[in-house]
Every structure is written in C-alpha cells, then in structure tokens.
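**Student:** Relevant sequence annotations retrieved from TrEMBL are reproduced here:
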type: REGION; residues: 24-81; note: region 'Disordered'
type: COMPBIAS; residues: 30-55; note: compositional bias 'Polar residues'
type: COILED; residues: 118-152; note: coiled coil
type: COILED; residues: 208-235; note: coiled coil
type: COILED; residues: 297-331; note: coiled coil
type: DOMAIN; residues: 346-625; note: domain 'Protein kinase'
type: BINDING; residues: 375; note: ATP binding site
C-alpha cells in the first residue's frame with residue numbers, strides 16, 4: 001500500500017486509509033458535497049454492493065477507467081465503511097467494522113489481561129463475600145454474646161439486689177434489737193396521762209439511775225471527809241507557847257468565874273471538858289490522819305471526774321438512742337419501708353431522716369452501681385391544687401438551681417422523677433457521715449484548727465456559688481446543712497439543701513442595692529443577718545452577705561459551743577424580742593482560748609450593717625484562711641468520728 005501513495009492524491013489516500021485502516025470519513029467543510037470530478041475525474045470511487053464482488057476487478061472508476069487497487073473487502077456486512085459516492089450521489093455505507101492497527105499478539109495479550117482481570121475480580125468478589133459472611137457470623141456471635149451478657153448482668157443485678165435487701169433487713173433487725181436493749185439501759189418514751197390527754201415523756205434507764213446513785217455516794221463521802229477534817233482540826237496538837245497561853249486563859253477564866261460565884265452568893269456547876277476535847281493528837285498522829293484524808297479526797301475527786309465523763313458519754317449515747325428511736329418510728333410509718341425500687345433503678349434500703357413533707361432514704365443505684373440518697377417529696381392529699389402546684393414549683397425551682405452545680409464541696413444532684421401524682425423523688429449524692437449540727441450536739445465545741453478547716457471549705461463553696469453565672473445565695477446555711485465525711489481521715493464537708501436559695505440574675509439583682517427578699521420569715525433565725533428581719537412597706541434588700549453572716553455564726557458556734565445570738569431562745573422568741581435586730585456587737589467568752597485572728601475573722605462576718613460586712617469574694621481571700629496559716633497542713637484534717 002506504500003507503493004500506491006505516490007500514485008494517489010491526498011484525498012484518495014484518505015479514502016483508502018478510511019477503508020482499509022478503519023478510520024472515519026472526515027467531514028467536509030461547510031455544506032459542500034463531495035464531487036470527485038472537481039478534484040480529479042479519475043479519482044471517483046465505485047463502491048460495490050454490500051457483500052458483492054466488483055466487476056472486472058474494478059474498485060474505483062469513472063467513465064470506464066481502471067484502478068490497480070486490489071479488493072480487500074470482506075463479505076460481512078459489519079466490514080463495510082462509508083464508501084465514496086458514485087457519480088454525483090451522496091456517500092453511502094461501505095463498511096461498519098472498526099479496524100485497528102494492533103497486531104494479533106497484542107490483541108491476544110489484551111484478551112489474556114482482560115481474562116486475568118476478570119478472574120481477579122471474581123476472586124476479589126469471592127473474598128469480599130467470604131469476609132461479609134465472616135462479619136455476619138461475628139455480628140451474630142457478638143449479638144448472642146451481648147444477649148448472654150445482658151442476661152448475666154440481669155442476674156448479677158438481681159443477686160446484688162437480693163444481697164442488699166438481705167443486708168438491709170439484717171441491719172434493720174440489729175438496730176431494733178439494739179434499741180430494745182438500750183430502752184432499759186438508756187431510757188425510753190413513756191406515755192403518761194396529764195389531765196384529759198396523754199403525752200409521751202422521757203424516762204431515763206438504769207444506767208443513769210446507777211450513775212446518779214454513785215454520784216450521790218461520792219458526794220456523801222466527800223461530806224464525811226469534810227466533817228472528819230473539821231474534827232481533826234479540833235484535835236490538832238498545840239505547841240508549848242500555845243499550850244501555856246491556853247492554860248493561862250483557862251486560869252483567868254476560872255478565877256473570874258469563882259469571883260462571880262462568890263459575889264452572887266450561890267454555887268454553879270461548871271461544864272466538864274469532853275474527853276475528845278482533852279485528848280489531843282500527837283503531831284505524828286495528826287499528820288498521819290491529815291494525809292489519809294487528803295488521799296481519800298483526791299480519790300473521790302478522781303472518781304467524781306470519771307463519773308462526770310461517764311455521764312457525758314451516756315448523754316451522747318442517749319442522744320443517739322433518741323435519734324434512732326425516732327428514725328425507726330418514722331421508718332415503720334413510711335410507705336417505702338419494704339425495699340421498693342423506684343424508677344426501675346433505685347433500690348431503697350433504710351430511712352436516713354424525715355422532714356416536714358419529705359423523707360430521705362439511703363438507696364442503691366442498680367444501673368451505676370453506687371449508693372445514693374433519695375429525697376422523696378410527698379404532697380398532702382388534702383391540699384388544694386394551688387397549694388400542690390406551689391409546692392411542686394418550689395421543689396422544681398430547687399432542682400433547677402441544684403442540677404447546674406458542680407463543685408467538690410456541694411452535694412451533687414443526679415436525677416429527679418415522678419413517683420405518683422402526689423409524690424416525686426430527687427436523687428442526691430450520698431454522704432456517709434453525720435451533719436455538723438449533730439456533731440456539735442455530741443462534742444459541744446470543736447478545736448480551732450478543725451473549725452477553721454470546716455470554715456475554709458464552706459467559704460470555698462460559697463465563692464463558687466458567687467462566681468457562677470448567675471450567682472446564687474444559699475440563704476439557709478447552717479450546721480444541719482453541712483454534711484461531714486465519715487472516717488478518721490475524712491476532713492471533707494459538703495453543703496446541701498438549696499430549697500431557699502436565691503438566684504441573683506440581672507432582672508432581680510442590683511450590685512448596688514441587692515435583691516428583694518420575697519420569702520421573709522423563712523429560714524433558720526439564729527443564722528440570718530439583721531437585714532432579713534427588717535419590716536417595712538417594701539421588702540428588705542439582701543445579697544450574698546447573708547451567707548457571710550451565717551459563716552460567722554457557724555464558726556462562733558464551733559469554737560464556743562453556743563450560738564452568738566439567741567442561744568437559748570426559740571425562733572418565736574427571737575422574732576418576738578427582735579434578738580437579731582439588737583445584735584449590734586458580738587461578745588467572746590474567756591474560755592476556751594481562741595486566737596485573735598479568729599475573733600477578728602468572726603467580727604468581719606458579723607458586722608451589723610451589711611454595707612460594712614465583708615463580701616464572699618473578699619472573705620475567701622482573708623489571710624486567716626490561707627494555707628500554711630495557724631496550723632498549716634495539719635489543720636486540714638477533721639475527724640468527725642461517731643462518738644462512743
């Protein structure tokens with residue numbers, strides 16, 4: 001075909017290449033039709049019919065001209081390409097087969113590669129299919145294991161639940177047995193008639209009776225020793241000078257008496273001297289008797305001191321006993337005393353305490369596997385709907401305040417849910433220890449180092465409440481709302497009960513004037529500042545300095561064992577006599593000894609006018625509360641162990 005290239009013009013060459021090499025016929029420019037006569041009359045190609053042979057070996061021609069091009073077409077319809085037109089007609093299809101310049105080896109190589117790719121694809125599909133089947137099998141196995149684990153977990157929870165119930169039942173039984181034993185030893189409430197009604201009065205047990213008898217015996221022995229000392233003083237031996245003086249005195253008295261008798265003309269009997277008066281002891285005997293009486297007196301003094309310590313111990317035990325008696329009575333009267341499971345999660349174990357409209361139970365969270373405190377709020381069924389709605393609103397307000405708090409010195413709130421239309425429950429962090437109020441009742445006072453440690457933590461919590469947005473006033477800070485950790489090395493405290501808390505938002509609080517006290521009359525009067533008792537046309541203004549006053553009262557009570565204002569007064573008396581409104585200055589007893597820094601700290605907290613009182617942020621920066629002061633690290637340990 002290379003030999004034909006010089007014989008053909010470019011157009012013929014393109015046509016030949018289009019036929020034998022499979023290239024497409026190029027489109028002509030414009031709308032001009034192909035006319036072989038315009039280029040060359042001898043270049044007209046004559047196409048044959050599809051599948052037919054050219055006559056006389058002619059492939060191209062016009063006017064009977066011959067071309068030496070051999071015929072290389074195939075008999076298949078697919079081998080026809082676009083053939084040039086005959087004469088002046090349009091071009092027609094001469095072959096459809098797409099031809100290439102690839103050799104047979106290359107085509108075979110491509111076919112082999114294609115076959116190999118198909119085989120690899122099939123292998124990959126099979127591998128993926130096997131992997132998919134394996135994953136399905138693993139998923140099925142994991143699902144079975146998961147179901148099995150769920151069953152085992154359910155069984156474990158059931159076993160844990162059963163063990164906790166058994167343990168709780170055993171503890172309840174032991175508590176009741178111990179109370180029955182202590183009824184006779186420490187005392188009990190006895191129903192007695194007073195007029196037309198019956199009242200319960202406390203009667204001490206035999207332990208107090210025996211102790212009082214011992215104290216009476218010691219007192220009588222002390223009186224006997226004192227009487228013997230007086231007799232011994234009368235028999236005290238005298239020296240020579242004292243004896244002569246006494247003898248001279250007696251002679252003068254006798255002469256005087258004789259003269260008086262002679263002048264009166266009558267005789268008179270003289271009282272004889274008693275043998276005891278005349279029988280004086282020697283110095284050795286006197287010192288011996290005196291030493292014996294001194295030793296007996298010291299022994300009685302020690303015995304009396306021991307009896308007093310034992311009496312204080314019995315009084316502490318009696319306080320615990322009375323507290324336990326009331327708890328057991330309230331637990332027996334509770335409708336949740338049969339180890340109920342609340343919200344399919346919280347197993348109630350024992351009653352911790354009871355308030356006006358709520359009771360707190362120690363419970364176990366079966367889901368998170370931890371002890372919690374469930375505070376159950378119960379509405380009175382006889383209340384009207386508006387009163388119920390007000391109580392629920394108050395409780396939900398406390399929940400909304402408490403749920404956002406997250407601080408190590410604040411009791412955490414975990415959950416809240418409804419039990420029935422007349423009761424709901426809030427789930428709190430459980431603290432395994434008594435509150436500060438109970439601890440003070442047992443120990444009267446606390447050493448300054450330990451009291452300072454407690455105040456440090458309380459102020460730290462108050463600082464957190466004042467730094468969050470919006471800030472919060474606790475308003476009901478008192479020893480009963482400060483929980484102590486248990487254990488000899490537990491010095492932690494946590495504050496709780498945000499039922500009376502105030503939110504200092506922008507709508508209600510002004511940094512200059514404070515906020516209105518809308519709940520005047522609520523709270524614990526011993527721990528509230530004077531501004532909370534001001535009565536006028538407008539409600540009094542309060543700020544976080546209310547909590548600062550409470551800190552000062554609590555610190556004073558921890559150090560001295562009594563409240564600074566209205567210690568022996570009831571809340572009604574405090575309100576009637578305006579005790580807090582008259583508390584313009586705080587007085588410190590001489591004992592126990594307290595550092596001047598502690599007294600100054602208390603004075604700053606108990607400033608009568610709130611404008612002069614220190615705020616929470618400044619209180620937290622006080623030098624007295626900084627680490628390393630007044631005892632250093634050792635002061636960070638409080639040991640509120642349960643008294644025995």
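Each Cβ is built from the backbone N, Cα and C atoms, and glycine gets one as well.
TrEMBL annotations: computationally assigned, not manually curated.
Keep in mind it's a predicted model, so treat the numbers as computed, not measured.
Each of the listed features needs to be described in terms of its position in the shown structure.
**Tutor:** Per-residue pLDDT, averaged over the coiled coil (208-235), rounds to 91.
Residue 375 (ATP binding site) has a Cβ environment of 23 other Cβ atoms inside 10 Å.
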**Student:** Residues of the same chain, at least six outside the coiled coil (208-235), with any C-beta under 8 angstroms of its C-beta?
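**Tutor:** Distant contacts of the coiled coil (208-235): 186-187, 276-277, 279-281, 286, 289-290, 293, 296-297, 300, 303-304, 307, 310-311, 314, 318.
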**Student:** What three-state class does DSSP give residue 375 (ATP binding site)?
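**Tutor:** Strand, per DSSP.
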